[in-house]
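Notes to accompany the following structure.
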Amino acid sequence: MVCPETSSDEPLTPAGRLFLQPETDLVIHCIIRGKNPADMDAIKSAIKSSLMVQHPRFCSLLVRDKNGFEHWRKTPIDIGQHVIVVNNRLDKSGNFIDQTQGSTTTEEDDEAAVNQYVADLSVSSPLSTDKPLWELHVLTAHKCAVFRIHHSLGDGISLMSMLMANCRRADDAEALPRMVPDKKTVIKGEKGRDWFWLFGVLWWLLKMVVFTLFFSMEFVLRSLLVSDEKTAITGGDGVELWPRKLATAKFLLDDMKLIKRAVPDTTINDVLLGMVSSGLSRYLDHRTPNVLHEGLRMTGVAMVNIRPQPGLQDLSKLMKSNTKARWGNKFGVILIPVYYHKGGNDPLEYLKRAKAMVDKKKHSLEAYFSYKIGDLVLSLLGPKLAL
């Protein structure tokens, strides 16, 4: 939407502009499932009175001035434009079922149908700029809703903090959900602060400097010059337009904790990365047996929250402009190398390798470097040239 600029318009951040480019037009899809049938009047009433529609990003249009620069412009909200109701039941292929014939479905059928609905949305239905960039699709027959939010409105921490601020506990309708308690740093007393303690601090700082320089240089080289070898999981030209299928994999948390205990000092994220590494190696062995060489590198990207306070944030702090924990896209990226290993390896070896690599990444400032360099490039060159 091209409109003359007004004094009340707020320009988009460089990251927000990046997410609006055709090559990186990112829409977040969040599936919310319930036990009871949806009460549409109650849902619309709750949205009208929620903190979400009071937030500037959720009640602003995306407009472009004559020079092509994007701005946010406040606009009245019409809830009817944002809440899309789908009453008919869907099958596994995302097609509507003739309910007059009657049919029985299982929870797995429901899940597959909703997954296919979201997969189709992600390719065929971009968010319209004639209204603020969010929608709520209510699939009444499947007792679920799909929340669609454009990534230019905020990152995962911002949006999850917003969602939590609009929820209430099941055992107390007036209470907010419990947030994860902040981790407090324990400062030891003077006891033990001897030469060994000083040596430990200096060694810690030295490693941080070395890891930061190494990973930052690698980030630049892989962004500009170095690329991975092509494999069966490498996308081709126009991959963003290929048909998609959303699949759900379920893992029991107790099982993941059991694996976590098998290797000391690991985290759930380490376990997940180890599972991804093992799964990719097995998949490539199946698709292209005896073709790939041992140790082939595949590079992934992980988003890292770089706000001073980790985890979910207090929404009131996010909405203040003078706070470091501000709303928006406040994250850096780190490169995650995953290596191919031929079948027959001990699965725990993947976990040990993942932990060793992630520990080094955590000890560096790669995420902060990538955020600063990305912000600088986007500010100086613009999102089109930055891509």
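The chain as shown is numbered from 1 upward.
Glycine too: its Cβ is placed from the backbone N, Cα and C atoms.
According to TrEMBL:
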DOMAIN    123-179  domain 'O-acyltransferase WSD1-like N-terminal'
TRANSMEM  195-215  transmembrane segment
DOMAIN    327-386  domain 'O-acyltransferase WSD1 C-terminal'
Helix-strand-coil residue split for the domain 'O-acyltransferase WSD1 C-terminal' (327-386), DSSP-based:
37 helix, 9 strand, 14 coil
When the domain 'O-acyltransferase WSD1-like N-terminal' (123-179) is classified with DSSP, how many of its residues are helical, how many are strand and how many are coil?
18 helix, 15 strand, 24 coil
Report the mean pLDDT of the predicted model across the domain 'O-acyltransferase WSD1-like N-terminal' (123-179), rounded to a whole number.
85
